[in-house]
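The structure appears below as structure tokens.
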Amino acid sequence: MGARASVLTGGKLDRWEKIYLRPGGKKKYMMKHLVWASRELERFACNPSLMETTEGCKQLLQQLEPALKTGSEGLRSLFNTIVVLWCVHQGIPVKDTKEALDQLQEAQQKGKQEVAAATADGTSTVSRNFPIVANAQGQMVHQPISPRTLNAWVKVVEEKAFSPEVIPMFMALSEGATPQDLNTMLNTVGGHQAAMQMLKEVINEEAAEWDRLHPVHAGPVPPGQMREPRGSDIAGTTSTIQEQVGWMTSNPPIPVGDIYKRWIILGLNKIVKMYCPVSILDIKQGPKESFRDYVDRFYKTLRAEQATQEVKNWMTDTLLVQNANPDCKSILRALGPGATLEGDEPAFQGVGGPSHKARVLAEAMSQAQHSNDAKRQFKGPKRIVKCFNCGKEGHIARNCKAPRRKGCWKCGQEGHQMRNCTNERQANFLGKLWPSSKGRPGNFLQKRPEPTAPPIESFGFREEEPAQKEEVKSEETENKLYPQLTSLKSLFGNDPLSQ
């Protein structure tokens with residue numbers, strides 16, 4: 001940060017820190033604004049060391065000014081910062097950014113008047129728009145585009161891969177260029193040949209449209225006059241550099257370079273849309289995303305939209321508020337439609353921070369607690385817990401204080417526990433297994449009524465089945481253990497209900 005902050009020192013730094021950001025505002029320029037401006041210049045492939053001198057600031061302003069019409073708020077803020085820095089280097093006293101812009105406009109007007117006066121006297125040696133310059137004899141000649149400019153353009157394409165900021169960068173680097181210079185810039189792009197093919201198709205369509213709207217006049221060209229350019233001439237394929245310079249410097253001039261650049265920008269817009277398929281309608285702020293990051297994503301996608309400036313302004317006024325998260329949306333609506341982005345930023349500093357996250361977490365936990373309470377209220381009757389050991393309700397066998405019952409609680413046999421029991425039948429309170437093989441519990445009469453149908457005749461040819469033998473044997477055993485009961489009196493003693 002030390003190298004970035006060394007742009008101003010001593011008295012210049014003191015004057016810098018006394019200038020207000022806005023007329024009537026409270027915030028002033030600080031050292032961090034210089035650091036931010038140097039980083040933004042590197043992002044736009046410009047040299048940050050130019051900020052250290054007056055002439056360097058002037059060159060930066062000449063490159064940034066053409067892109068202001070289609071640039072974002074960040075580009076405009078960078079331009080305003082360089083203007084204030086230029087005033088500090090010049091020693092021009094200003095109070096705020098607006099006064100610095102007025103001083104720059106006055107200086108530009110004076111420069112134009114001096115150039116016009118020198119041209120009228122015939123003693124002008126000031127060059128016109130680069131790359132068409134005047135030689136020592138006063139003739140307008142073409143100066144080829146510099147390798148440094150081509151290197152900056154290639155670096156931008158390689159790093160950004162046709163993101164929205166490539167278009168204003170192309171406009172800044174191709175200011176005043178001829179069609180031949182523009183073709184040189186396009187030919188230096190090595191990769192992205194699919195995008196280059198799309199660009200060629202757009203250029204061919206625009207050239208055909210130009211030929212349709214500007215038909216060739218019949219007859220030969222009068223002597224001393226230049227022929228009218230065709231679409232292929234504007235694209236630089238059928239015209240020489242002398243013809244291009246002649247069209248651009250004739251009276252009235254035919255700006256073939258600007259026309260060709262406009263065609264290229266149309267193609268670049270389509271390429272940017274292809275490389276940025278996200279729609280502006282899909283840009284929504286996350287619940288934990290800061291407002292600054294959301295605005296950056298919003299404007300980056302907005303630059304890739306194929307729409308007029310009026311439509312983009314409507315998108316900014318409507319969608320920026322509509323797609324914000326509930327916290328930021330409430331703040332935006334409270335600020336009203338006249339609020340600026342610079343004034344909105346302090347209002348959203350707490351959103352997404354630790355305190356805000358803690359408050360959101362507390363609200364979420366409170367809502368979850370309320371929902372759990374509501375669910376408990378609508379639950380059914382409480383399930384009754386019963387002990388397997390003593391048979392009483394209100395506790396389980398693990399917490400039972402009664403003596404532990406021996407044997408398995410399921411089948412009644414000893415030697416294993418209920419969880420390891422392999423017997424599918426369960427013992428009832430009389431000790432009999434349930435369900436029994438006969439399908440009747442032990443506290444019911446074990447003998448079934450005999451059928452009224454006559455028995456099957458047996459001629460002695462069939463042996464008694466083993467299953468019938470086992471059934472007879474089990475009946476005899478049960479009759480010995482429990483004699484046949486005709487009433488419950490023998491089981492329960494004197495039962496008044498059985499009398």
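Residue positions begin at 1 at the first shown residue.
Including glycine, each Cβ sits where the backbone N, Cα and C put it.
According to Swiss-Prot, the protein has these features:
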- 460-479: compositional bias 'Basic and acidic residues' (COMPBIAS)
- G2: N-myristoyl glycine (LIPID)
- 435-499: region 'Disordered' (REGION)
- 16-22: motif 'Nuclear export signal' (MOTIF)
- 451-454: motif 'PTAP/PSAP motif' (MOTIF)
- 385-402: zinc finger (ZN_FING)
- 406-423: zinc finger (ZN_FING)
Close approaches to the zinc finger (385-402) from elsewhere in its chain (Cβ under 8 angstroms; 6 or more beyond its ends): 409, 418
What are the DSSP helix/strand/coil residue counts across the zinc finger (385-402)? 3 helix, 2 strand, 13 coil
Tally of DSSP helical, extended and coil residues in the zinc finger (406-423): 3 helix, 0 strand, 15 coil
Across the zinc finger (406-423), what is the average pLDDT of the model, as a whole number? 77
The motif 'Nuclear export signal' (16-22) - residue tally per DSSP class, helix then strand then coil: 1 helix, 1 strand, 5 coil
